[in-house]
Amino acid sequence: MTQPTPPPTEGNPYAAQPAAPQPTGGNPFAQQPGAVPPPSPYVTAPAPARGNVALGIVAAVVAALVTAGIYGAIIGATEREIGYAAIGVGFLVGLAAGKIGGSNPVVPVVSALLSLGAIYLGQLIGIAAIGAEELNVSVTTVLTDYFGDVTKGWKESADAMTFLFFAIGAFAAFSGAKKAAS
């Protein structure tokens, strides 16, 4: 004895309105027209190239030259070797190499070797900057005209801390390249 219950129309102004039309295509869960924006009118840029070993090595060389100059300027300004700066040189060289060069096992080794050269060059630039300040000439003049004296001064001033900075910088470059590649 069940009877269908009529909809409650008394006192409800919305009960007598017709139901919303179903979406086209027979899918009741489909989006309404205009809910999805139209596709983009331009083509997006492709993802950056990764895993290019040659380009990674070029980036590491550029980073080594730039950071060597900065490291030399820091040494010239403070007249001291700063270990954190050597770590920064190594890490930035490794970061540039690993980010662009990818996970090739050659990239961390090359970045460690390049960081050794960058730290050495930075120390030479620092010694040249100190000498240029004393002689009232430019750093380039000291590096070109008195390069033998600059390297002789480096050999005389090199101690255990100098080589520790080399080791830490190379380690930072190696680990930075490995981390950036992953």
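Each position is counted from 1, following the chain as shown.
Glycine too: its Cβ is placed from the backbone N, Cα and C atoms.
Taken verbatim from TrEMBL:
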COMPBIAS  1-10  compositional bias 'Pro residues'
REGION    1-42  region 'Disordered'
COMPBIAS  13-23  compositional bias 'Low complexity'
TRANSMEM  53-76  transmembrane segment
TRANSMEM  82-102  transmembrane segment
TRANSMEM  109-132  transmembrane segment
TRANSMEM  160-177  transmembrane segment
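Of the recorded ranges 53-76, 82-102, 160-177, the transmembrane segment (109-132) has the largest number of C-beta contacts under 8 angstroms with 53-76. Taking Cβ pairs closer than 8 Å, the transmembrane segment (82-102) reaches residues 49-53, 55-57, 59-60, 62-64, 67-68, 70-71, 74-75, 108, 110-112, 114-115, 118-119, 122, 161, 164-166, 168-181 in its own chain, all 6 or more past its ends.
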